[in-house]
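First comes the structure, then the notes that go with it.
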Amino acid sequence: MRADNSSTICVCRSGRWELGIAIGFLVPPVLVPNIEDRDKLAYHISIMFYIIGGVATLLLILVIIVFKEKPKYPPSRAQSLSYALASPDASYLSSISRLFKNLNFVLLVITYGLNAGAFYALSTLLNRMVIRHYPGEEVNAGRIGLTIVIAGMLGAVLSGIWLDRSKTYKETTLVVYIMTLVGMLVYTFTLNLGHLWVVFITAGTMGFFMTGYLPLGFEFAVELTYPESEGISSGLLNISAQVFGIIFTISQGQIIDNYGTKPGNIFLCLFLALGTALTAFIKADLRRQKANKETPENKLQEEEEESNTSKVPTAVSEDHL
């Protein structure tokens, strides 16, 4: 059985869908140019949709043929115990009920939703914000989005490596959350300076932490909810992200239309500050790490140490006599 390197594995999985988001930022502005002719515009949009449909169909075929339900051997002792503890009679609703009784996980669901929702809103409205201050820069708006995601992929990989070595889940999550807030504030107050290269730097810095936080949330959730199904905890995080993403996108869009980009971004900063404060109240109950440490070798060593400790006073007493 391999050592537990699940943090890096989860980060790599997250990096793949982040790469898809990055392609989504880069390709559409190239395939659909900003033109006035509606017929030509419709033609370019249809080409883009055909490409997306073809890629999605190919991925569906690969999932059906290649993907397996689970690996042949558990990747860690914690996962092996999770398989053993899984009850065939356990229901989906009962698992969700247990998860919502876990206060630390509930706080994480809220904070993850606030962060991911802010990212979704920012990604959706990025083109509108950039074009408002830099007219005619549709392609560069897509490149700025690409910069955000690529920087986030780097942040996710580095965070995963750090988690594997330090196991400081709460501390890492809190620091990344704080830096996300700082990056969002810097981006907010530098967007209208008139220098596009400044936007690339500030957006990339913000993306390094904001996008890099997303896989950290999944890993922290697995630690807090073990031995519950990882699929259920991850699904609840995704639901939270989608709900907050819809609310933030609609709300920020209205604020930008009526008051400008800076108030719209400050709106997101306020909720990121709330998420940072709530993250500080999450207790680092690392259940999966505890399960990994409870190996037969460790138990035997502890029993030997206890046995030796109990024999020490007797030996000293006999020598004294």
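Using N, Cα and C of the backbone, Cβ positions are placed for all residues, glycine too.
All TrEMBL annotations are machine predictions without curation.
As annotated by TrEMBL, compositional bias 'Basic and acidic residues' applies to 292-301.
The annotation domain 'Major facilitator superfamily (MFS) profile' is assigned in TrEMBL to 1-287.
TrEMBL lists 292-321 with the feature region 'Disordered'.
Here TrEMBL flags 41-67 (among others) as transmembrane segment.
Under the heading transmembrane segment, TrEMBL lists 103-122 (among others).
What TrEMBL records for 142-162 (among others) is transmembrane segment.
Listed as Cβ neighbours of the transmembrane segment (174-190) (distance under 8 Å, sequence separation of 6 or more from its ends, same chain) are residues 111, 115, 118, 155, 159, 198-199, 202-203, 205-210, 212-213, 216, 262, 265-266, 268-269, 272-273, 275-276, 279-280. Positions annotated as transmembrane segment by TrEMBL: 174-190 (among others).
With a cut-off of 8 Å between Cβ atoms, the residues of this chain six or more beyond the transmembrane segment (196-214) that come close are 14, 18, 112, 115-116, 118-119, 122, 130, 134, 137, 140, 143-144, 147-156, 158-159, 173, 176-177, 179-180, 183-184, 186-187, 190. Summarising the annotation, TrEMBL assigns transmembrane segment to 196-214 (among others).
As annotated by TrEMBL, transmembrane segment applies to 235-253 (among others). Counting residues 6+ beyond its ends, the transmembrane segment (235-253) has Cβ neighbours under 8 Å at 96, 99, 108-110, 112-114, 116-121, 124-125, 128, 217-218, 221, 264-265, 267-268, 271 in the same chain.
Cβ atoms under 8 Å from those of the transmembrane segment (265-284) belong to residues 104, 107-108, 110-111, 114-115, 117-118, 121-122, 129, 168-171, 173-174, 177-178, 180-181, 184-185, 187-188, 191, 220, 223-224, 244, 248, 251-252, 255 of the same chain, restricted to positions at least 6 beyond its ends. The transmembrane segment annotation in TrEMBL covers 265-284 (among others).
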